[in-house]
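Structure record follows, encoded as structure tokens.
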Amino acid sequence: MKLHLQNITKEFGPVVALDDVSFSAEAPEFICLLGPSGCGKTTLLRLIAGLSMPDRGQLRLDGEDLTRIPARDRGFGIVFQAYSLFPNMTVAQNIGYGLKIRGRPTAEIKERVGQLLDLIRLPHLADRYPYQLSGGQQQRVALARAVAVDPKLLLLDEPLSALDAKVRTELRAEIRELQQRLGILTIMVTHDQEEALLLADRVVCMQHGKIAQVGTPGELYATPVNRFVADFMGVSNLMEQSTIRQWASHLLNGHTPPADYIACIRPEDITLRPGATGARVRQVHFLGNLSRIELDWPGGKLVAEEAGRTSLVPGAEVGIDIAPHRCAWVAPQ
Amino acid sequence: MSATAAPAWRELDIDKLFLGFCLFVPLTALTIFFAYPLLTVVTRSLTEADGGIGIGNYIRILNAPSFWRATVNSLVMSLSTTAAVLMCGLVVAYAVHRCKVPGRALLLGAVSLPLLAPSLVQGLGLIFLLGRNGIVTKTTGLDINIYGFWGLLIANGLYALPQAVLIIGAALRAADARIYEAAEILGTSGFRKFVDITLPNIKFGLLSAGFIVFTVTITDFGNAATIGGDYAILATEIYNQVVGQMNFNLGAVVGILLLLPTILSFYLERVASQRQFGSVSDSAVPLVPTFTPKRDVPMTLAAWLVALLPVVTVAIVIYGSFVWLWPYRFDLTLKHYAVKVAGGYDPLWTTVQISIVAGVIGSLMLFALGFSLQRLPRHIVKPIYFLCLLPAAVPGLVLGLAYIFAFNVPGLPVYALYGTATLLAICNVTHYWTQGFLTTMTGLRQVPPTLEESAACLGASLPRLVRDVIVPSMAPTLVSVFFFMFMRSMVTLSAVIFLITASVSVASVSIMRLDEAGFTSQAAAYATCTMGIVVVASVLMRACLWALKRKQ
Ligand SMILES: Nc1ncnc2c1ncn2[C@@H]1O[C@H](COP(=O)(O)OP(=O)(O)OP(=O)(O)O)[C@@H](O)[C@H]1O
Ligand SMILES: [Mg+2]
């Protein structure tokens, strides 16, 4: 099962929601569409689902052109952020609805619904109505309903963002488990980079309706292509080349980045040597499993991280070490 | 790929056909039963006595002193009613929503009573109280003449009050407590808060209510017929031209001229209501009034005083229907229920049938139209939306007249409908189309789009989507629209008055005939029966809504 998007463009009046988007994905991949609010993630997901049509471009599944086929004939599973269970149907009826539409025999539907209820661990709630369920339970049911018809593609639009932190973590793991068990190509929209790092085989990072970078979470984190991706994928120290040349010129050894590229150094890649000199501790934030240390450095401010508690206190002098291979060179935009 | 594309296209066709059907049927109906008849009023108003086209009718009407008297009377009466109703409405709404008064629900119920009754009931009630044989007139010996301006003012005021309370109440409910708390901290007095914060905040709500009251009053016919006396207004002028002098074309002219203020008023109402209710902030903190004796005691008294009037008028009509000989012999009797009017109670049963048909047709048509409008591009939706707002601006009498022109034409296929109960039902649906339309659209907007999209992704076609998802989740709206159409059809008079025949008549016409013939007690009996049915319908509606709510 291979999905192929080619030069997809979608405009809403003057707003270009998607600008020449192309990428491919193949089962059993888990893809996360990641980006800030308004960057076009939902628009892209709806296009893939067939809920709206692109202005230009093509969508293919296993070579077959899907572009003009409406949602109901694509048969993809979809889960929205909230409020998408049919309020007038019980949990079991909700899950079995897709099969009922396909005219499957009642016995088969019943069996399949039973299996899925076991899978989402809610067999005791089969006859409840959606309003009698918690948010997390509702999303589990929505997930079961989406996969009940063996969709070729599972689409999730921020399915977790209406839930509280604990339920979110639980359900996150369950989604991943379900996806892997079914081996189904899954595309999930999120604006939470942690979620993307945790779940995705590959992340599609979007910016202003364009794809900024596609890659594994590791690639996006370690070698972002530009400032936007670097910023979006966690905390980073971004420094002009001139600063590096002056204060940490060894980072340029063996590298000749284009002149306007900037250095991106992740905080955990900065090693602090207490007792040495070179930078001064400005502030220490204790975040539980790690400590974040803000430093005054001749080239500007730096952020470093150490595991657990640190012995450093504000005002202390420290030396800093950065391994050249830990420094990524990224485009300024 | 062609293997999968072929069924895809067939599916698509079902959806398109369904959507087209949902749009085409109500739109055609609206064209045949609203736009076309209205157009005939225009052409008839321009058709002169010799059959030629010209503005002779207009000149004749504009030169007639009687027309100007009626116009001035209409305007004076409507403006005074509007002012009075706004004041009373503000008192009641403010008491209910911003003060701590006992029996709020009861208060609202009391004010809403006239909605359950034919508009003639207010007139009848006033006659029982203040008429020549009214109980007040007789006991005090005063020489009160209720027929005329004052009677009309009170009757129309009672009739329009519930709508004003509803709109002003909605505006008052949209308050944000934080603003008042901020003012409190600044040391603002209660009265200053009212003048500086409350009034500016609800001013568009007040305007909106004002225009509605004005429209309702200037177009009302039932009250004018019972209690207007010699006080001629435009609505009675149309009726006299048509029924009295058989001068249809001149009636059309007056109708067109009456349309001008109502359309203007209705347009301004839409503008005002959008300004008032267009942007309600989600984060507003609702205002919970605390007991303030200095404010709440007088407000309670004032509000109940206002609410007493509709209760008394309705109650006295019911009581009067059981009294042997008003106001001389107060023994109770059922003799007035043996009504001496053509057809007896047949018109009442006809009305029930008409109302059921109107409810069914109305809710189905409005649902189909609303459903298809939601799926059409904006530039198509806008003109249709506008067309759907128009019926509210057309006075019932003008609509009735339009139906005569359009359908009482032997030879046209639609002539078959003329004089049937079906046409009366259709006329009622058209007459109350706008309110039903706005309710339906609100209901449709409350169905989350993700629900439909989920169903679409699961493979549901549009007809299936409607059956399995949309109708169940907006059933309360459909029920409300059905009962709204039903109840309005039970009590309306103005549009249908022109369309009844010897064999097909409605309850409110019977009431009017009985009253005209001097059988006031029998008119009261007939009105009481009609109200009984409407009350039953309203209880049924509440039961349905309650049952539906429990299921969701
Ligand atoms: N139906 C629409 N009509 C007009 N503009 C739209 C429509 N849908 C989306 N847009 C615009 O397209 C852009 C992309 O919207 P989209 O919903 O895809 O963003 P998103 O990445 O999903 O954001 P969020 O994280 O807030 O959900 C936005 O500028 C939005 O305003
Ligand atoms: Mg979105």
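Positions of Cβ are set from backbone N, Cα and C atoms, glycine also.
Quantities reported herein were computed from a predicted structural model and do not represent experimental measurements.
Annotation comment: TrEMBL describes B:71-269, B:348-541 as domain 'ABC transmembrane type-1'. Under the heading transmembrane segment, TrEMBL lists B:17-39, B:75-96, B:105-129, B:149-172, B:204-228, B:248-268, B:301-328, B:348-372, B:384-406, B:493-512, B:524-548.
Across B:75-96, B:149-172, B:384-406, B:493-512, B:524-548, stretch B:149-172 shows the highest tally of CB pairs under 8 A with the transmembrane segment (B:105-129). Proximity of the transmembrane segment (B:248-268) to the transmembrane segment (B:301-328) is not established, fewer than 3 Cβ-Cβ distances being under 8 Å for residue pairs spaced 6 or more apart.
The transmembrane segment (B:301-328) and the transmembrane segment (B:17-39) are not in contact, since fewer than 3 Cβ pairs between them lie under 8 Å (pairs 6 or more apart in sequence). Packing against the transmembrane segment (B:149-172) from elsewhere in the chain are residues 73, 76-78, 80-81, 84-86, 88-90, 92-94, 96-98, 108, 111-115, 119, 122-123, 126, 130, 198, 201-202, 204-206, 208-210, 212-213, 216-217, 220, 223-224, 226-229, 231, 233, 273, 276-277, 306, 309-310, 313: each is 6 or more residues past its ends and has a CB under 8 Å from a CB in it. Highlighted: of the candidate stretches B:75-96, B:204-228, B:348-372, B:524-548, B:204-228 has the greatest count of Cβ pairs under 8 Å to the transmembrane segment (B:493-512). Sequence-distant contacts of the transmembrane segment (B:348-372) (same chain, six or more residues past either end, CB-CB distance under 8 Å): 19, 21-23, 25-27, 29, 384, 388, 421-422, 424-426, 428-429, 432-433, 436-437, 440-441, 443-444, 466, 470-471, 478, 481-483, 485-487, 489-490, 504-508, 510, 526, 529-530, 533.
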